(Lines of atoms letter the chains of each structure in order from A and count residues from 1; the text may use other names and numbers.)
(Lines give C-alpha, C1' and ligand atoms only; values in the text may rest on other atoms or scores of the structure.)
Protein backbone atom coordinates (compact mmCIF):
# COMPACT_ATOMS: atom_id res chain seq x y z
CA UNK A 1 0.00 0.00 0.00
CA UNK A 2 2.78 2.46 0.87
CA UNK A 3 4.50 1.82 -2.45
CA UNK A 4 1.20 2.41 -4.21
CA UNK A 5 0.69 5.71 -2.36
CA UNK A 6 4.20 6.77 -3.29
CA UNK A 7 3.54 6.00 -6.94
CA UNK A 8 0.31 8.03 -6.86
CA UNK A 9 2.04 11.00 -5.23
CA UNK A 10 4.87 10.85 -7.77
CA UNK A 11 2.36 10.82 -10.60
CA UNK A 12 0.61 13.85 -9.16
CA UNK A 13 3.91 15.61 -8.63
CA UNK A 14 5.35 14.84 -12.03
CA UNK A 15 3.51 17.68 -13.72
CA UNK A 16 4.79 20.33 -11.29
CA UNK A 17 8.32 18.97 -11.31
CA UNK A 18 8.40 18.89 -15.10
CA UNK A 19 6.93 22.40 -15.21
CA UNK A 20 9.70 23.57 -12.90
CA UNK A 21 12.17 22.22 -15.43
CA UNK A 22 10.65 23.93 -18.47
CA UNK A 23 12.22 27.28 -17.58
CA UNK A 24 15.65 25.63 -17.62
CA UNK A 25 15.32 23.90 -20.99
CA UNK A 26 14.58 26.76 -23.35
CA UNK A 27 17.98 26.73 -25.10
CA UNK A 28 17.51 26.03 -28.81
CA UNK A 29 20.55 23.77 -28.88
CA UNK A 30 23.23 22.33 -26.61
CA UNK A 31 26.87 23.24 -27.33
CA UNK A 32 28.97 20.41 -28.72
CA UNK A 33 31.43 21.01 -25.91
CA UNK A 34 28.83 20.48 -23.15
CA UNK A 35 30.06 16.96 -22.16
CA UNK A 36 33.62 18.16 -21.43
CA UNK A 37 33.29 20.57 -18.50
CA UNK A 38 34.75 18.23 -15.86
CA UNK A 39 33.30 18.91 -12.41
CA UNK A 40 31.26 21.76 -13.93
CA UNK A 41 29.36 19.41 -16.25
CA UNK A 42 25.56 19.24 -16.11
CA UNK A 43 24.04 15.99 -14.81
CA UNK A 44 22.02 15.76 -18.02
CA UNK A 45 25.18 15.17 -20.05
CA UNK A 46 25.71 11.95 -18.08
CA UNK A 47 22.02 10.98 -18.27
CA UNK A 48 20.74 12.58 -21.50
CA UNK A 49 17.34 10.88 -21.18
CA UNK A 50 16.61 13.46 -18.47
CA UNK A 51 16.56 16.15 -21.16
CA UNK A 52 13.33 14.55 -22.35
CA UNK A 53 11.90 13.58 -18.96
CA UNK A 54 13.44 14.72 -15.67
CA UNK A 55 11.62 11.94 -13.79
CA UNK A 56 12.75 9.13 -16.09
CA UNK A 57 13.60 5.99 -14.10
CA UNK A 58 15.12 2.84 -15.58
CA UNK A 59 14.27 0.04 -13.15
CA UNK A 60 16.45 -2.39 -15.10
CA UNK A 61 19.52 -0.82 -13.43
CA UNK A 62 18.70 -2.86 -10.31
CA UNK A 63 20.65 -6.07 -10.94
CA UNK A 64 19.99 -8.40 -8.01
CA UNK A 65 19.47 -11.99 -9.31
CA UNK A 66 15.78 -12.63 -9.96
CA UNK A 67 16.15 -16.27 -8.96
CA UNK A 68 16.93 -15.38 -5.33
CA UNK A 69 13.82 -13.35 -4.52
CA UNK A 70 15.85 -10.28 -3.57
CA UNK A 71 14.39 -7.10 -2.16
CA UNK A 72 16.21 -3.84 -1.25
CA UNK A 73 16.53 -3.38 2.52
CA UNK A 74 18.84 -0.34 2.67
CA UNK A 75 20.15 2.49 0.52
CA UNK A 76 23.23 4.59 1.27
CA UNK A 77 23.59 7.55 -1.09
CA UNK A 78 26.61 9.86 -1.26
CA UNK A 79 25.48 12.86 -3.29
CA UNK A 80 27.21 15.95 -4.64
CA UNK A 81 25.47 19.32 -4.40
CA UNK A 82 23.59 20.59 -7.47
CA UNK A 83 24.49 23.28 -9.98
CA UNK A 84 26.01 26.35 -8.34
CA UNK A 85 27.35 29.80 -9.03
CA UNK A 86 31.13 30.23 -9.41
CA UNK A 87 33.11 30.51 -6.20
CA UNK A 88 35.04 33.72 -5.58
CA UNK A 89 38.35 32.07 -6.46
CA UNK A 90 36.95 31.14 -9.89
CA UNK A 91 35.72 34.62 -10.75
CA UNK A 92 38.28 35.71 -13.36
CA UNK A 93 35.43 36.50 -15.68
CA UNK A 94 35.37 40.25 -15.04
CA UNK A 95 39.05 40.57 -16.00
CA UNK A 96 38.46 38.65 -19.22
CA UNK A 97 35.36 40.63 -20.16
CA UNK A 98 37.13 43.97 -19.60
CA UNK A 99 40.18 42.82 -21.59
CA UNK A 100 38.06 41.81 -24.59
CA UNK A 101 36.07 45.05 -24.55
CA UNK A 102 39.20 47.15 -24.26
CA UNK A 103 41.67 45.43 -26.57
CA UNK A 104 40.02 42.96 -28.95
CA UNK A 105 39.89 43.80 -32.64
CA UNK A 106 36.41 43.80 -34.17
CA UNK A 107 35.33 40.30 -35.25
CA UNK A 108 33.25 39.47 -38.29
CA UNK A 109 31.32 36.56 -36.80
CA UNK A 110 28.06 37.18 -34.95
CA UNK A 111 29.29 35.38 -31.82
CA UNK A 112 32.48 37.51 -31.80
CA UNK A 113 30.41 40.68 -31.95
CA UNK A 114 28.14 39.38 -29.18
CA UNK A 115 31.14 38.76 -26.91
CA UNK A 116 32.77 42.09 -27.71
CA UNK A 117 29.79 44.43 -27.46
CA UNK A 118 26.56 42.73 -26.37
CA UNK A 119 27.50 40.20 -23.68
CA UNK A 120 27.07 41.56 -20.15
CA UNK A 121 28.96 40.06 -17.24
CA UNK A 122 26.37 38.94 -14.70
CA UNK A 123 28.72 37.14 -12.30
CA UNK A 124 29.40 38.78 -8.93
CA UNK A 125 31.41 37.90 -5.85
CA UNK A 126 28.36 37.68 -3.59
CA UNK A 127 27.21 34.62 -5.55
CA UNK A 128 30.26 32.71 -4.17
CA UNK A 129 29.33 29.11 -4.93
CA UNK A 130 25.71 29.32 -3.83
CA UNK A 131 23.25 26.74 -5.14
CA UNK A 132 21.21 28.08 -8.07
CA UNK A 133 17.51 27.51 -8.69
CA UNK A 134 18.25 24.79 -11.21
CA UNK A 135 20.52 23.09 -8.65
CA UNK A 136 17.64 22.89 -6.19
CA UNK A 137 15.41 21.40 -8.90
CA UNK A 138 18.09 18.79 -9.68
CA UNK A 139 18.06 17.51 -6.09
CA UNK A 140 14.25 17.49 -5.83
CA UNK A 141 14.07 15.53 -9.08
CA UNK A 142 16.78 13.10 -7.95
CA UNK A 143 14.76 12.50 -4.77
CA UNK A 144 11.65 11.78 -6.85
CA UNK A 145 13.55 9.31 -9.05
CA UNK A 146 15.04 7.54 -6.03
CA UNK A 147 11.56 7.31 -4.50
CA UNK A 148 10.31 5.68 -7.68
CA UNK A 149 13.29 3.31 -7.83
CA UNK A 150 13.05 2.33 -4.14
CA UNK A 151 9.36 2.86 -3.26
CA UNK A 152 9.41 0.62 -0.15
CA UNK A 153 12.58 2.09 1.35
CA UNK A 154 11.53 5.70 0.75
CA UNK A 155 7.84 5.25 1.54
CA UNK A 156 6.16 7.98 3.56
CA UNK A 157 6.12 5.98 6.81
CA UNK A 158 9.90 5.36 6.55
CA UNK A 159 11.05 8.91 5.92
CA UNK A 160 11.47 9.84 9.60
CA UNK A 161 13.90 6.95 10.04
CA UNK A 162 16.20 8.14 7.24
CA UNK A 163 19.59 9.51 8.25
CA UNK A 164 20.49 12.80 6.52
CA UNK A 165 23.93 14.43 6.76
CA UNK A 166 25.40 17.42 4.95
CA UNK A 167 28.59 19.39 4.59
CA UNK A 168 28.39 22.80 6.25
CA UNK A 169 28.85 24.67 2.95
CA UNK A 170 25.69 26.54 2.00
CA UNK A 171 25.44 24.87 -1.43
CA UNK A 172 25.33 21.46 0.31
CA UNK A 173 22.85 22.58 2.96
CA UNK A 174 20.57 24.00 0.25
CA UNK A 175 20.95 20.71 -1.65
CA UNK A 176 20.01 18.47 1.29
CA UNK A 177 17.03 20.73 1.97
CA UNK A 178 15.90 20.42 -1.66
CA UNK A 179 16.38 16.66 -1.47
CA UNK A 180 14.11 16.48 1.59
CA UNK A 181 11.50 18.58 -0.22
CA UNK A 182 11.55 16.04 -3.03
CA UNK A 183 11.22 13.12 -0.60
CA UNK A 184 8.55 14.49 1.76
CA UNK A 185 6.43 16.33 -0.81
CA UNK A 186 4.39 18.15 1.87
CA UNK A 187 4.20 21.83 2.67
CA UNK A 188 4.55 21.34 6.45
CA UNK A 189 7.73 19.25 6.41
CA UNK A 190 10.62 20.10 8.74
CA UNK A 191 14.25 19.73 7.72
CA UNK A 192 15.95 16.94 9.68
CA UNK A 193 19.54 16.90 8.46
CA UNK A 194 22.65 17.32 10.61
CA UNK A 195 25.93 18.97 9.64
CA UNK A 196 28.84 16.55 9.59
CA UNK A 197 32.08 17.94 8.17
CA UNK A 198 34.10 15.13 9.74
CA UNK A 199 32.46 12.74 7.28
CA UNK A 200 31.92 15.01 4.30
CA UNK A 201 34.87 17.42 4.44
CA UNK A 202 37.40 14.90 5.74
CA UNK A 203 40.08 16.32 3.46
CA UNK A 204 40.33 19.47 5.57
CA UNK A 205 41.24 17.47 8.69
CA UNK A 206 43.82 15.16 7.10
CA UNK A 207 47.19 16.77 7.83
CA UNK A 208 49.02 14.33 5.56
CA UNK A 209 46.81 15.42 2.68
CA UNK A 210 46.90 19.14 3.46
CA UNK A 211 50.70 19.24 3.81
CA UNK A 212 51.57 16.53 1.30
CA UNK A 213 49.22 17.48 -1.53
CA UNK A 214 47.10 20.59 -0.96
CA UNK A 215 50.01 22.82 0.07
CA UNK A 216 52.79 20.93 -1.73
CA UNK A 217 53.77 22.65 -4.99
CA UNK A 218 55.38 19.50 -6.39
CA UNK A 219 52.26 17.34 -5.93
CA UNK A 220 50.60 18.82 -9.03
CA UNK A 221 53.67 19.06 -11.24
CA UNK A 222 51.97 17.06 -14.02
CA UNK A 223 49.22 19.69 -14.15
CA UNK A 224 51.73 22.55 -14.35
CA UNK A 225 53.69 20.82 -17.10
CA UNK A 226 50.56 20.28 -19.17
CA UNK A 227 49.36 23.82 -18.52
CA UNK A 228 52.52 25.15 -20.20
CA UNK A 229 52.89 22.32 -22.68
CA UNK A 230 52.36 21.98 -26.42
CA UNK A 231 48.58 21.30 -26.44
CA UNK A 232 47.63 24.13 -24.08
CA UNK A 233 49.97 26.66 -25.69
CA UNK A 234 48.55 25.92 -29.15
CA UNK A 235 45.01 26.25 -27.77
CA UNK A 236 45.83 29.53 -26.03
CA UNK A 237 47.19 31.02 -29.28
CA UNK A 238 44.16 29.83 -31.29
CA UNK A 239 41.71 31.24 -28.76
CA UNK A 240 43.50 34.61 -28.57
CA UNK A 241 43.34 34.85 -32.35
CA UNK A 242 39.61 34.06 -32.39
CA UNK A 243 38.99 36.69 -29.72
CA UNK A 244 41.04 39.27 -31.61
CA UNK A 245 43.61 39.61 -28.82
CA UNK A 246 47.38 39.68 -28.85
CA UNK A 247 48.58 36.18 -27.96
CA UNK A 248 50.45 37.25 -24.84
CA UNK A 249 47.41 39.03 -23.40
CA UNK A 250 45.35 35.86 -23.04
CA UNK A 251 46.80 33.91 -20.13
CA UNK A 252 45.96 30.28 -19.43
CA UNK A 253 43.83 31.40 -16.48
CA UNK A 254 41.78 33.69 -18.73
CA UNK A 255 41.49 30.92 -21.33
CA UNK A 256 39.96 28.69 -18.64
CA UNK A 257 37.65 31.55 -17.60
CA UNK A 258 36.25 31.77 -21.15
CA UNK A 259 35.59 28.01 -21.08
CA UNK A 260 33.90 28.29 -17.71
CA UNK A 261 31.64 31.12 -18.86
CA UNK A 262 30.23 28.71 -21.43
CA UNK A 263 29.76 26.02 -18.76
CA UNK A 264 28.15 28.34 -16.20
CA UNK A 265 25.76 29.95 -18.66
CA UNK A 266 24.66 26.48 -19.76
CA UNK A 267 24.36 24.92 -16.29
CA UNK A 268 22.80 27.96 -14.59
CA UNK A 269 20.76 29.61 -17.34
CA UNK A 270 20.49 26.87 -19.99
CA UNK A 271 21.88 29.40 -22.47
CA UNK A 272 24.08 28.56 -25.45
CA UNK A 273 26.57 31.32 -24.67
CA UNK A 274 28.48 33.09 -27.46
CA UNK A 275 31.63 32.13 -25.51
CA UNK A 276 30.96 28.49 -26.40
CA UNK A 277 31.72 29.22 -30.06
CA UNK A 278 35.31 29.98 -29.11
CA UNK A 279 36.04 26.29 -28.65
CA UNK A 280 35.89 23.26 -30.91
CA UNK A 281 35.19 19.82 -29.50
CA UNK A 282 38.91 19.04 -29.72
CA UNK A 283 39.70 22.25 -27.80
CA UNK A 284 37.24 21.20 -25.08
CA UNK A 285 38.91 17.79 -24.78
CA UNK A 286 42.25 19.49 -24.09
CA UNK A 287 40.73 21.66 -21.36
CA UNK A 288 38.86 18.70 -19.89
CA UNK A 289 42.13 16.75 -19.76
CA UNK A 290 43.85 19.54 -17.87
CA UNK A 291 40.98 19.58 -15.35
CA UNK A 292 41.14 15.78 -15.04
CA UNK A 293 44.90 15.92 -14.44
CA UNK A 294 44.28 18.29 -11.55
CA UNK A 295 41.59 16.10 -10.00
CA UNK A 296 43.59 12.90 -10.54
CA UNK A 297 46.73 14.22 -8.88
CA UNK A 298 44.98 16.29 -6.21
CA UNK A 299 41.91 14.26 -5.20
CA UNK A 300 42.24 10.76 -6.58
CA UNK A 301 44.63 7.96 -7.54
CA UNK A 302 47.68 10.18 -8.09
CA UNK A 303 48.65 10.27 -4.41
CA UNK A 304 47.68 7.54 -1.97
CA UNK A 305 46.90 9.93 0.86
CA UNK A 306 44.17 11.61 -1.21
CA UNK A 307 42.22 8.34 -1.26
CA UNK A 308 43.06 7.38 2.32
CA UNK A 309 41.76 10.71 3.60
CA UNK A 310 38.26 9.34 2.91
CA UNK A 311 38.69 6.47 5.42
CA UNK A 312 36.12 7.96 7.87
CA UNK A 313 33.45 8.04 5.16
CA UNK A 314 34.38 4.54 3.95
CA UNK A 315 34.07 3.07 7.46
CA UNK A 316 30.81 4.94 8.11
CA UNK A 317 29.26 3.47 4.96
CA UNK A 318 30.26 -0.10 5.78
CA UNK A 319 29.20 0.18 9.44
CA UNK A 320 25.81 1.35 8.21
CA UNK A 321 25.59 -1.54 5.74
CA UNK A 322 26.66 -4.02 8.43
CA UNK A 323 23.85 -2.85 10.71
CA UNK A 324 21.28 -2.99 7.93
CA UNK A 325 22.31 -6.47 6.78
CA UNK A 326 22.69 -8.37 10.04
CA UNK A 327 19.95 -10.75 11.23
CA UNK A 328 17.76 -9.34 14.02
CA UNK A 329 15.03 -10.50 16.35
CA UNK A 330 11.46 -9.40 15.74
CA UNK A 331 11.62 -7.31 18.92
CA UNK A 332 14.64 -5.32 17.74
CA UNK A 333 14.31 -1.91 16.17
CA UNK A 334 14.41 -1.89 12.37
CA UNK A 335 17.55 -0.44 10.75
CA UNK A 336 17.38 2.88 8.97
CA UNK A 337 16.03 2.34 5.44
CA UNK A 338 18.38 4.93 3.94
CA UNK A 339 21.43 7.01 4.79
CA UNK A 340 21.88 10.14 2.67
CA UNK A 341 25.11 12.14 2.74
CA UNK A 342 25.44 15.37 0.75
CA UNK A 343 28.88 16.75 0.02
CA UNK A 344 31.21 17.80 -2.77
CA UNK A 345 33.11 16.48 -5.78
CA UNK A 346 36.03 16.51 -3.31
CA UNK A 347 33.99 14.12 -1.14
CA UNK A 348 33.20 11.66 -3.91
CA UNK A 349 36.50 11.53 -5.81
CA UNK A 350 38.67 10.25 -2.93
CA UNK A 351 35.99 7.68 -2.02
CA UNK A 352 35.69 6.46 -5.61
CA UNK A 353 39.45 6.05 -5.81
CA UNK A 354 39.62 4.31 -2.41
CA UNK A 355 37.07 1.81 -3.77
CA UNK A 356 39.39 1.24 -6.76
CA UNK A 357 37.01 2.69 -9.36
CA UNK A 358 38.02 4.51 -12.55
CA UNK A 359 41.66 3.55 -12.18
CA UNK A 360 43.29 3.26 -15.60
CA UNK A 361 46.26 0.99 -16.17
CA UNK A 362 48.33 3.98 -17.31
CA UNK A 363 47.92 7.15 -15.22
CA UNK A 364 47.31 10.47 -17.01
CA UNK A 365 50.41 12.65 -17.22
CA UNK A 366 51.49 15.84 -18.97
CA UNK A 367 53.10 13.86 -21.79
CA UNK A 368 50.51 11.20 -22.69
CA UNK A 369 47.42 13.24 -23.62
CA UNK A 370 47.16 11.67 -27.09
CA UNK A 371 46.95 8.14 -25.67
CA UNK A 372 44.38 9.01 -22.97
CA UNK A 373 41.26 9.60 -25.07
CA UNK A 374 39.74 6.29 -23.97
CA UNK A 375 40.54 6.76 -20.28
CA UNK A 376 38.08 5.73 -17.60
CA UNK A 377 39.03 8.66 -15.34
CA UNK A 378 36.81 11.44 -16.73
CA UNK A 379 35.38 13.71 -14.07
CA UNK A 380 32.75 14.91 -16.56
CA UNK A 381 31.24 11.42 -16.28
CA UNK A 382 32.11 10.69 -12.66
CA UNK A 383 31.24 13.83 -10.68
CA UNK A 384 29.00 16.25 -12.58
CA UNK A 385 26.69 18.46 -10.56
CA UNK A 386 24.28 16.31 -8.47
CA UNK A 387 26.52 13.24 -8.92
CA UNK A 388 25.50 10.31 -6.74
CA UNK A 389 27.06 7.06 -5.56
CA UNK A 390 24.44 4.56 -4.40
CA UNK A 391 25.06 1.47 -2.26
CA UNK A 392 21.98 -0.77 -2.52
CA UNK A 393 21.79 -3.63 0.00
CA UNK A 394 19.44 -6.51 -0.87
CA UNK A 395 18.01 -9.30 1.26
CA UNK A 396 18.36 -12.44 -0.87
CA UNK A 397 17.93 -16.19 -0.34
CA UNK A 398 21.70 -16.82 -0.36
CA UNK A 399 22.39 -13.89 1.92
CA UNK A 400 22.71 -10.11 1.61
CA UNK A 401 23.93 -8.72 -1.71
CA UNK A 402 25.32 -5.26 -2.46
CA UNK A 403 25.05 -3.28 -5.68
CA UNK A 404 26.84 -0.07 -6.60
CA UNK A 405 25.40 2.59 -8.90
CA UNK A 406 27.18 5.75 -10.02
CA UNK A 407 24.89 8.47 -11.34
CA UNK A 408 22.03 5.96 -11.50
CA UNK A 409 23.99 3.49 -13.64
CA UNK A 410 25.37 0.11 -12.44
CA UNK A 411 29.09 -0.09 -11.65
CA UNK A 412 30.88 -3.29 -10.65
CA UNK A 413 33.14 -3.55 -7.64
CA UNK A 414 36.73 -4.10 -8.84
CA UNK A 415 37.61 -7.78 -9.05
CA UNK A 416 34.01 -9.02 -8.65
CA UNK A 417 32.06 -10.37 -11.63
CA UNK A 418 28.49 -9.98 -10.44
CA UNK A 419 26.56 -6.70 -10.65
CA UNK A 420 25.19 -7.39 -7.16
CA UNK A 421 27.73 -9.70 -5.45
CA UNK A 422 27.19 -11.28 -2.07
CA UNK A 423 27.90 -8.73 0.64
CA UNK A 424 30.44 -11.05 2.26
CA UNK A 425 32.41 -11.08 -1.02
CA UNK A 426 32.43 -7.28 -1.12
CA UNK A 427 33.70 -7.19 2.45
CA UNK A 428 36.40 -9.70 1.55
CA UNK A 429 37.48 -7.50 -1.37
CA UNK A 430 37.93 -4.53 0.95
CA UNK A 431 39.18 -6.50 3.98
CA UNK A 432 42.50 -4.63 3.95
CA UNK A 433 40.64 -1.34 4.29
CA UNK A 434 38.02 -2.59 6.75
CA UNK A 435 40.80 -3.87 9.03
CA UNK A 436 42.98 -0.82 8.46
CA UNK A 437 42.41 2.56 6.83
CA UNK A 438 42.90 4.33 10.16
CA UNK A 439 42.38 8.05 9.63
CA UNK A 440 44.63 9.24 12.45
CA UNK A 441 47.49 6.93 11.54
CA UNK A 442 47.30 7.64 7.80
CA UNK A 443 46.78 11.39 8.09
CA UNK A 444 49.21 12.07 10.92
CA UNK A 445 51.78 9.45 9.93
CA UNK A 446 52.07 10.85 6.43
CA UNK A 447 52.41 14.44 7.57
CA UNK A 448 55.51 16.03 9.09
CA UNK A 449 56.37 17.95 5.93
CA UNK A 450 57.08 14.92 3.72
CA UNK A 451 55.96 14.76 0.11
CA UNK A 452 52.98 12.60 -0.76
CA UNK A 453 53.22 8.87 -1.37
CA UNK A 454 52.54 8.29 -5.06
CA UNK A 455 50.37 5.39 -6.14
CA UNK A 456 50.51 4.67 -9.85
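Each Cβ is built from the backbone N, Cα and C atoms, and glycine gets one as well.
What you see is a predicted model, and the numbers here were worked out from it, not measured in a lab.
TrEMBL has this to say about the protein:
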| type | residues | note |
| --- | --- | --- |
| DISULFID | 70-396 | disulfide bond |
| DISULFID | 262-276 | disulfide bond |
| SIGNAL | 1-22 | signal peptide |
Of 70, 262, 276, 396 (the disulfide-bonded residues), the residue whose Cβ has the fewest other Cβ atoms within 10 Å: 396
Spatial separation of residue 70 (disulfide bond) from residue 276 (disulfide bond) - C-alpha basis, Å: 47
Pairwise Cα distance for residue 70 (disulfide bond)/residue 262 (disulfide bond) [Å, integer]: 45
Rounded distance in angstrom between the Cα atoms of residue 396 (disulfide bond) and residue 262 (disulfide bond): 48
